[in-house]
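Working notes, beginning with the structure itself.
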Amino acid sequence: MSDLDKKVQQATELLPGAGYPKQKSKYKSVAIKAGLVALAFFISAATFSARGAFRESQQVNTNVCSQVAELIPEKNGVVWKLSKVYFGTPRFKKRAVEWLGGAIRVPTETHDKMQPVGIDPRWETFGVLQDYLLQAFPKVHTALELTKVNTYGLLYEWKGSDASLKPLLLAAHQDVIPVENATLGQWQHEPFSGHFDGEYIWGRGSSDDKHGLIGIMSAVESLLELKFKPTRSVVLAFGIDEEIGGLNGARSLATVMLEKFGPKSFAMLIDEGVGYGPQYGQIFALPGIAEKGTLHIRIDLASPGGHSSVPPPHTSIGMLAKLLVEIEENPFEAHLTRGSPTYKTAQCLAEHGPEMLPALRKNIRLSQYSDEALREAEILLLQNPMFKTLVGTTQSINLIQGGIKTNALPEQAWAVVNHRISTESSLNETTSRQTDLLRPLASGFNLSYTAFGASLSEPDVPAYGSLNLSDAWGTGTEPAPVSPTDENAAPYDLLSGTIKAAYNSHRGIKGDNNVVVSPGIMPGNTDTRHYWKLTDHIFRYRHVRLGGCLPNNPHTVNEGILISMLVMEADNFVEIIRFFTALVLNADESELI
Ligand SMILES: *[C@@H]1O[C@H](CO)[C@@H](O)[C@H](O)[C@H]1NC(C)=O
Ligand SMILES: *[C@@H]1O[C@H](CO)[C@@H](O)[C@H](O)[C@H]1NC(C)=O
Ligand SMILES: *[C@@H]1O[C@H](CO)[C@@H](O)[C@H](O)[C@H]1NC(C)=O
Ligand SMILES: *[C@@H]1O[C@H](CO)[C@@H](O)[C@H](O)[C@H]1NC(C)=O
Ligand SMILES: [Zn+2]
């Protein structure tokens, strides 16, 4: 056992529940993001699919969701061919399993309300991960220049021979969401064991996002072993706190990159996101070209206290409750909008998914020109709750507090409502809408009303109490700018062709539509929210196989997705390494990006 192993072990022993007896279980420990990814992906087979007369009925509309051919490195063809052989060996697979397992064994949990790096000792575990990376990827650390940002953020630069080419930026996050003690019994293998059962690599982070982090590092290490020398620079940016907003990691990295490379200085950026899997009888890959916005609205209500023996008709809690009911009774409307990312996804599924219900396909196709068809398509698509949440702004009341004593009137009560803002909307539209919604109740209860810094009631008129809406943590984020995917969007095409090449190469097959690439949307946030200034071409994509790859032949798709968030199929992990390898080689030789 090396020093490093010891450190890793020590770190592991600090974990909640280290040494718990292993228990059989139902793979139930659920990552929040698991749900999100499931949601992004399974727009739904069940609701609309039907074995339609796809081929006979209409031919594919070639202008919509047109597909590029698989993109096989040519100038770098020798390295690509060598890598193909290398990655296919059992020895490489074993190595890949060890690489990922080792990273999982360092429990890099991030928690809400962490103090800054240097003050909160919980960050120190990231030092252990740094040591691990240093030991596991020696060539990367020799050939690339490493800048540590805010101590634990990692920025690697692999300098290409031609400085005039915009670098490729690959991002991942080092942190994982905490394992709740209550779920420990449900883990079949300990959450930070990195256990390999012959098929799956187990543990928190195996698929969010250490498969990304280690997939990138493994690809670069392998390329160095194969003596590849880049023409175009490659930059790797690994944040430390994506799961809590990226303020300590990605935000600091963004500042450093902006200074070092300048605005819009990268050819394209790939960060975590959705993968590929079956939809309507076809394998689709869905790189996220956009990301919904986020806003936590805090609602503060104050009214006079006093003894509860002489109560007013409404206490702060009662009034707050009424406001919350009003919010829930008035969800945001969701509309399918031409040209939006979700519309593009629907179009692509309609063009390329043979099992889509013919009526839906027809409406989606006609909707390009007909408003009536657009509304019909919308009605059908929004019947699916998951699709609906992707399209519209969502709201969810997640925190509430008020009152201190059973016989005292509560002077204060507050709640926080989480919003995921539609790519077709904005922070302003969201705050305005909620402000207007609550206005009649505020005046009905005779409350002075302040919303997002603006006083909305007459200043000198006496009020019974006050209502104050605010951005709960000042972290409201606009929906991301949409990355271009039209005919001339070379980076999107390069990504699409690379996805196909990696998919085919891993299976030893040929053909351009074994996997169809469609614009997708990321319902949750990623570190890319801090990287908008670096490039217009941001894609949230991991080459992960979703669905149909699960242990014990589970019954439902959802169950499957949840499982896949806790384990990583070793075979698929090798495929991820192929993907990053192909991406580096293709970007390297491209004259279009
Ligand atoms: C989880 O359990 C560990 C060890 O039993 C304990 O130290 C830790 O405080 C617990 N965490 C929570 C959130 O309860
Ligand atoms: C915010 O939205 C409101 C209503 O939607 C609009 O009247 C106002 O002009 C917007 N303000 C800004 C700064 O965009
Ligand atoms: C609102 O409350 C204040 C303070 O209790 C009171 O003076 C005022 O008359 C009330 N106004 C209305 C319209 O009820
Ligand atoms: C409303 O809440 C915000 C955030 O807590 C606070 O900064 C502001 O002072 C409050 N405004 C009023 C009028 O209470
Ligand atoms: Zn993640």
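Each Cβ is built from the backbone N, Cα and C atoms, and glycine gets one as well.
Those TrEMBL annotations? Automatic predictions, nothing curated.
Sequence annotations record features per position, and here TrEMBL assigns active site to D175. Per TrEMBL, active site, proton acceptor is recorded for E242. Annotation source TrEMBL lists Zn(2+) 2 binding site at H173, D208, D271. Feature annotation from TrEMBL assigns Zn(2+) 1 binding site to D208, E243, H555. TrEMBL lists 289-440 with the feature domain 'Peptidase M20 dimerisation'. Feature annotation from TrEMBL assigns transmembrane segment to 30-50.
Positions of the features from TrEMBL, shown on the structure.
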{"residue": "H173", "record": "Zn(2+) 2 binding site", "Cβ neighbours (10 Å)": "28"}
{"residue": "D175", "record": "active site", "Cβ neighbours (10 Å)": "31"}
{"residue": "D208", "record": "Zn(2+) 2 binding site", "Cβ neighbours (10 Å)": "27"}
{"residue": "E242", "record": "active site, proton acceptor", "Cβ neighbours (10 Å)": "30"}
{"residue": "E243", "record": "Zn(2+) 1 binding site", "Cβ neighbours (10 Å)": "24"}
{"residue": "D271", "record": "Zn(2+) 2 binding site", "Cβ neighbours (10 Å)": "28"}
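Each residue contributes its Cα atom, and for H173 (Zn(2+) 2 binding site) and E243 (Zn(2+) 1 binding site) those atoms are 9 Å apart.
Cα distances from D271 (Zn(2+) 2 binding site) to the recorded positions D175, E242, E243 are smallest for E242. Neighbours of the Zn(2+) 2 site: apart from H173, D208, D271, residues of the same chain with C-beta atoms within 8 angstroms of the site's C-beta centroid are A171, A172, D209, G212, L213, G239, E242, E272, T526, D527. Under the three-state DSSP scheme, E243 (Zn(2+) 1 binding site) falls in the helix class.
Across the fold, the C-alpha of E242 (active site, proton acceptor) and the C-alpha of the residue listed as 'active site' stand 7 Å from each other.
Taking only the Cα positions, the spacing between D175 (active site) and E243 (Zn(2+) 1 binding site) is 7 angstrom. When secondary structure is read from DSSP and collapsed to three states, D271 (Zn(2+) 2 binding site) falls in the strand class. Model confidence over the domain 'Peptidase M20 dimerisation' (289-440) stands at 96, taken as the mean pLDDT rounded to a whole number. Cα of D208 (Zn(2+) 2 binding site) to Cα of E243 (Zn(2+) 1 binding site): a span of 10 Å. Under DSSP, H173 (Zn(2+) 2 binding site) is assigned to a strand (E or B) in the three-state scheme.
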